[in-house]
């Protein structure tokens, strides 16, 4: 295999939250001179730190992590934005002679980057407000009938009472002049010319849940509540006008409910652990149904981490 061919092979390290993928990616990156593409839709926000298990400043100093600390809460950024930008950066890194790792567990980001996405226009606040007024004035059946006339195939997939997708479908038509059905046929494959080896970290469900619970306790000991208080004070009164899901992140939303006196502290912590476990289940379902993953046992100690690092490095370098 020629060096130019090797540069076309990259490794994606996936796994449910708390499975150890970040530590493995960091270990591999140090060995093969790689930069990391973080496929984490929450670590990209500067304001979210402890609750997102963001890499330490020392880790970020040693290895370049892309899409970490790059946006502020409220900055619009879609899975399509991520896939386009990540694809461009991956090519630039490979062109420079370095290796690339993808590491993360955000399903929408991974779906767009690894499986491709429809090139839909970004949300338009003014157009969406116009449709919202029309919805309130004439009702969802009126909008649904309009969509049925314009894009019957898309309308057939919708329940007219689920107004978010209904409004988005009409917004796309009015912004682009094309139906959603037409747009989805123009599927973009960001990494079609690059060989991506997808590896997933697997561990027994009871052990995963134990790690999730223990990590939640560690986050609290590291100041998660104090971080939530700062976010609550600065952003919570404006949640309705901030167009991001960042503030609905598990670990923060439960503490916001506590700070808003809608629940007690003990219940909030219980819910953080429960919701994180539920999130891990959804991630595993996605990995198994949507991606072709080579599953590996998650390392439980430094020796196993070292052995797995060596094995993964060989997948990329061929040595």
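Note that Cβ sites are derived from N, Cα and C of the backbone, with glycine treated the same way.
Model, not experiment: these values are computed from the prediction.
Look at residue 17 (ATP binding site): DSSP puts it in coil. The annotation ATP binding site is assigned in Swiss-Prot to 15, 16, 17, 18, 19, 20, 21, 22 on the grounds of sequence analysis.
The feature substrate binding site is assigned by Swiss-Prot to 17, 18, 19, 20, 21, 22, with sequence analysis given as support. Proximity of residue 22 (ATP binding site) to non-local residues of its own chain (separation of 6 or more, Cβ distance below 8 Å) is seen for 53, 55, 103, given in sequence order.
As annotated by Swiss-Prot, region 'Interaction with substrate tRNA' applies to 40-43 (among others), with the evidence given as sequence analysis. Residues 51-55, 67-69, 79, 82, 104-106, 108-109, 245-246, 249 of the same chain, all 6+ positions outside the region 'Interaction with substrate tRNA' (40-43), place their C-beta atoms under 8 angstroms from a C-beta of that stretch.
Annotation source Swiss-Prot lists region 'Interaction with substrate tRNA' at 164-168 (among others). Residues 123, 128, 131-132, 135, 140, 143-144, 147, 158 of the same chain lie 6 or more positions beyond the ends of the region 'Interaction with substrate tRNA' (164-168) yet place their CB under 8 Å from a CB of it.
Cβ environment of residue 106 (site 'Interaction with substrate tRNA'): 39, 40, 41, 42 lie under 8 Å away, each six or more residues apart in the same chain. In the three-state DSSP scheme, residue 106 (site 'Interaction with substrate tRNA') falls into the coil class. If you look up Swiss-Prot, you'll see 106 (among others) marked as site 'Interaction with substrate tRNA'.
Sequence-distant neighbours of residue 128 (site 'Interaction with substrate tRNA') (same chain, six or more apart, CB under 8 Å from its CB) are 167, 171, listed in sequence order. Under the heading site 'Interaction with substrate tRNA', Swiss-Prot lists 128 (among others), citing sequence analysis as support.
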Let's check the environment of residue 19 (ATP binding site): how many other CB atoms sit within 10 Å of its CB? 25
Could you tell me which of these binding-site residues, 15, 16, 20, has the fewest other Cβ atoms within 10 Å of its Cβ? 20
So, by DSSP, how many helix, strand and coil residues make up the region 'Interaction with substrate tRNA' (164-168)? 5 helix, 0 strand, 0 coil
Cβ proximity for residue 17 (ATP binding site), under 8 A, sequence spacing 6+, ordered by residue number, returns 53, 105, 212, 276, 279, 280, 283
